[in-house]
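Colleague: So that we are looking at the same thing, I have put the structure below in structure tokens.
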């Protein structure tokens with residue numbers, strides 16, 4: 001039996017085991033997906049090699065720091081210095097990022113994204129990956145609490161700035177994406193409701209709660225909203241394909257996730 005898993009801190013909230021284990025069953029793959037709450041990342045990666053764990057997802061707070069423990073990075077992962085998927089290839093650990101593609105596919109499920117103006121809040125591992133991927137097809141502004149981190153993405157043709165500049169850019173945006181953890185398990189939002197307008201498409205990468213404060217506010221003014229579960233599903237589907245060669249059933253992933261959340 002092959003073992004796959006998720007490393008991060010915290011990980012107990014994750015829906016990844018529910019999704020991937022359902023997929024292993026569907027496709028008759030002798031494998032299991034588990035979570036590992038990790039305190040010491042370097043030792044955990046040594047354990048992956050020693051135990052022969054076949055593959056990993058990586059979540060907060062390790063998406064960037066994990067890169068220095070790996071043997072090889074995909075071009076995208078190297079460009080943004082962020083990894084959320086690892087393949088163990090006969091003891092050689094190769095890092096990939098599927099966050100950007102996951103976000104793009106989630107958006108494209110609901111709207112045309114090419115040539116649109118996209119405002120991304122947050123320049124951490126997920127925010128960077130989303131900005132890098134969408135910069136290939138759309139106009140991107142990234143705002144971050146630490147502006148220098150957002151400005152470091154300007155090499156990809158995006159504009160970076162401070163979250164304090166939010167009121168200046170919401171009117172410009174066709175799509176707004178919260179790529180921070182603000183709203184996870186709290187009733188907080190980075191975006192005051194008064195700045196939202198009904199033409200805006202609003203996406204949140206947070207999926208617990210499924211309807212964050214940001215999405216509730218956006219719905220209340222008539223915006224189209226995309227919950228964080230869609231991005232989780234599509235980035236997870238890309239990870240599954242890297243591990244198995246199979247692009248999986250995303251509708252099954254959504255269904256089992258909603259059942260676990262009690263919203264099936």
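Heads up, the Cβ atoms here are built off N, Cα and C, so glycines get one too.
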Colleague: Of the candidates 99, 164, 174, 249, which does Swiss-Prot annotate as part of the shikimate site that also includes 14, 15, 16, 59, 84, 207?
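Modeller: Same shikimate site in Swiss-Prot: 99.
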Colleague: Given that Swiss-Prot annotates 75, 122, 123, 124, 125, 126, 144, 145, 146, 147, 148, 149, 228 as binding NADP(+), state which candidate in 53, 201, 205 belongs to that site as well.
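Modeller: Only hit among 53, 201, 205 in Swiss-Prot's NADP(+) site, alongside 75, 122, 123, 124, 125, 126, 144, 145, 146, 147, 148, 149, 228: 205.
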Colleague: Counting other Cβ atoms within 10 Å of each residue's Cβ, which of the binding-site residues 84, 144, 146 comes out lowest?
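Modeller: Each of the binding-site residues 84, 144, 146 was scored; lowest Cβ tally within 10 Å is 146.
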Colleague: Between residue 207 (shikimate binding site) and residue 125 (NADP(+) binding site), how many Å separate their Cα atoms?
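Modeller: Cα-Cα, rounded: 17 Å.
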Colleague: Provide the number of Cβ atoms within 10 Å of the Cβ of residue 148 (NADP(+) binding site), excluding the reference atom itself.
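Modeller: Step by step: centre on the Cβ of residue 148 (NADP(+) binding site), count other Cβ atoms within 10 Å, giving 10.
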Colleague: Roughly how many Å lie between the Cα atoms of residue 146 (NADP(+) binding site) and residue 84 (shikimate binding site), rounded to a whole value?
Modeller: 22
Colleague: Between 14, 16, 59, which of the binding-site residues has the fewest other CB atoms within 10 angstroms in the structure shown?
Modeller: 14
Colleague: State the three-class DSSP label for residue 125 (NADP(+) binding site), counting H, G and I as helix, E and B as strand, and everything else as coil.
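Modeller: DSSP assigns residue 125 (NADP(+) binding site) to helix.
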